[in-house]
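Feature annotations, courtesy of TrEMBL:
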- 188: active site, proton acceptor (ACT_SITE)
- 188: N6-(pyridoxal phosphate)lysine (MOD_RES)
Ligand SMILES: *Cc1c(COP(=O)(O)O)cnc(C)c1O
């Protein structure tokens, strides 16, 4: 572990870097090849092996992964993309980047994930994709909606920014037939410093994603060897993953079994410590199958006061997400979403990262219990 600054419960989230990352980064720096390099290929192959898929495409961020995946799925102007309002704004911005419109839907308040019935209710003749968000790491099973989605030609593009390593049934998320997007940002389950990844469904889709991430240039052997000529085959952006980030990600992936175990243990410790606290509902991440990205609760009364009290006691709580349909940028697509609005006022994330100890968890739970009791006594 190479991040030595004070950690503990003061931080809501914090990267955890394994010791090999420093040497790997130094070596990548010395190579002089900072764009795509053999290290990027190695990271893509290692991630594919880990997920149990034929191929992966590494990109600069989770947001870029969503943008590339939506374009690869043929999403563009005139189309609608179904998306939960309760997500990071990046999900919605990726939709806008394609020229399509977001169609906001509700979530299940127990899981903060979308349900098949809500998805089906939002389908129109313009729908081109549905973007389920795997909140907290929990897989979203849309099997019940599949026949209708297939019939309408709707692609499932998973925002699995929270869910690297989680399972849906017996397969890792990414290996279940959806077009899946991961984020490898600083605080995600696997970090590259910054980064993201698309898991394409076919070799053709993989090819499309590679051109979209790299200025439309055909990634031939000559291109890889940095030959003087290249072919530009169509539209493309400059969102490849830097080899510097890939070098970090490769080391982090080698240690993922430790990360996975630690995150599950921490989440279970929270579940035990929060048990019996009134007016606090733990958001269910399906911990046996998930690699938890966070620990979110719904505070059923006085969230603002509880939040402030915890912050005053040095506990790094967070409130997310402000529902996107209430954001000025997305006002055009506002519709009433009462469940999401209520959850937006209740949701609070507790400190959750791999520097935490079980003693930290107990302290957080104790302070939360005290904050609620103090309020009730008034
Ligand atoms: C982090 C995140 C993203 C975006 O990933 P970046 O790597 O930060 O671009 C998208 N959606 C969700 C739900 C996220 O948490």
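Glycine is treated like the rest: Cβ placed from N, Cα and C.
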Packing count at residue 188 (active site, proton acceptor) (other Cβ atoms within 10 Å of its Cβ): 23
DSSP state at the residue listed as 'active site, proton acceptor', helix/strand/coil: coil
